[in-house]
Amino acid sequence: MEVQVMQDILGSNDKLAAENKKIFDEYGIFVLNLIGSPGAGKTSLLEKTIGSLKNHLRLAVIEGDLFTSKDADRIADHDVPVIQINTSGGCHLDAMMVKKVLSKLDLQNLDLVIIENVGNLVCPAEFNIGEDTKAVVLSITEGDDKPLKYPLIFKEASAVVLNKIDILPFTNFDMENARHDINCLHPGISIIETSCRTDNGLDQWCSWLRAAAYEKNERMKKNNG
Amino acid sequence: MHEMAMAQGVMEIVESYAKKSNATKVRTIALLIGEMTGVVFESLEFCFKATAKGTIAENAEMKLKSIPLIGHCNDCGNESHIENYNFFCPQCGSAKVDIISGRELRVEYLEVD
């Protein structure tokens, strides 16, 4: 006997992600899911971002990591609330993991939550966790061929940070090609070149994030009365 | 290895539908997998075998239907396969091309006893 199903395999994760998002929406909090390969510079970018934004926005960080709290320890040094999720070998965060730590956040007193996903360009792209948007960090040393090799995350994200541009002259990274491929994949996406060592481009990145957070904070204030 | 998480998602769906139709055995699980998804079908199959051990779906066969990545242009209405992940409309050059298929990760149907 044939039984028609037509159900999404990740349907239960999507449902939980929508529930998480609803909670963030109620409090008017903008949530960024920050994704990139191991070593792309996600935590360094986050440290710089916190330094620049913490006097303007009330922010907290959720750190996804396989086993350690190394990244969370780095963030905690910047005096912002940070929550560690260890996936015990899991290659991505999922909506249930985020749901479980929501009660640890002081939701009433936050404008922005940045969730640093597990270092990986493949799996996190498929799992929504309740974010408003995704940003992907790609570092120069990874090569300009990566957008077409990992297209989904570049399609899902609304900003790409091309990090470590200070070492561009020492590599074969073709910036024009990278920008072309990313723009073909996702016309109109924000592409921001940064270096966390020289601070190049960080203003542009922080402005992008601040504007996105501000837009939601204000919209939700109106909607939630 | 997110195929394990997906295998568990398939298992949940299979068990719920098998129960609904009072099945005693699941013979076939038909999946729709879009071209623009990060899934290795062989890995999913492997993970599902492990997940399904000792369940109603043990030894069930997984059937895969690949769904091509198709874009729809909001400016000229063109619908065509997206080549090389270039999302500009091949007909009019517009950047307003939406994905209409190719992102599926779905259980289509089951064959049960």
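Any Cβ shown, glycine's included, is placed from N, Cα and C.
TrEMBL: automatically predicted annotations, no manual curation.
For reference, TrEMBL has these:
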BINDING   B:His2  Ni(2+) binding site
BINDING   B:Cys73, B:Cys76, B:Cys89, B:Cys92  Zn(2+) binding site
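A distance of 32 Å separates the Cα atom of B:Cys73 (Zn(2+) binding site) from that of B:His2 (Ni(2+) binding site). Checked against B:His2 (Ni(2+) binding site), the binding-site residues B:Cys76, B:Cys89, B:Cys92 differ in C-alpha distance, with B:Cys89 being the nearest. Taking 8 Å as the upper bound (exclusive) on CB-CB distance to chain A, the binding-site residues B:Cys73, B:Cys76, B:Cys89, B:Cys92 give none. Sequence-distant neighbours of B:Cys89 (Zn(2+) binding site) (same chain, six or more apart, CB under 8 Å from its CB) are B:Gly71, B:Cys73, B:Asp75, B:Cys76, B:Asn78, B:Ala95, B:Lys96, B:Val97, listed in sequence order. Same-chain residues with CB within 8 A of the center of the B:Cys73, B:Cys76, B:Cys89, B:Cys92 CB atoms, the Zn(2+) site residues themselves not counted, are B:Asn74, B:Asp75, B:Gly77, B:Asn78, B:Pro90, B:Gln91, B:Gly93, B:Ser94, B:Lys96, B:Val97. Note on B:His2 (Ni(2+) binding site): other Cβ atoms within 10 Å of its Cβ, all shown chains, come to 24.
The DSSP secondary structure for B:Cys73 (Zn(2+) binding site) is strand.
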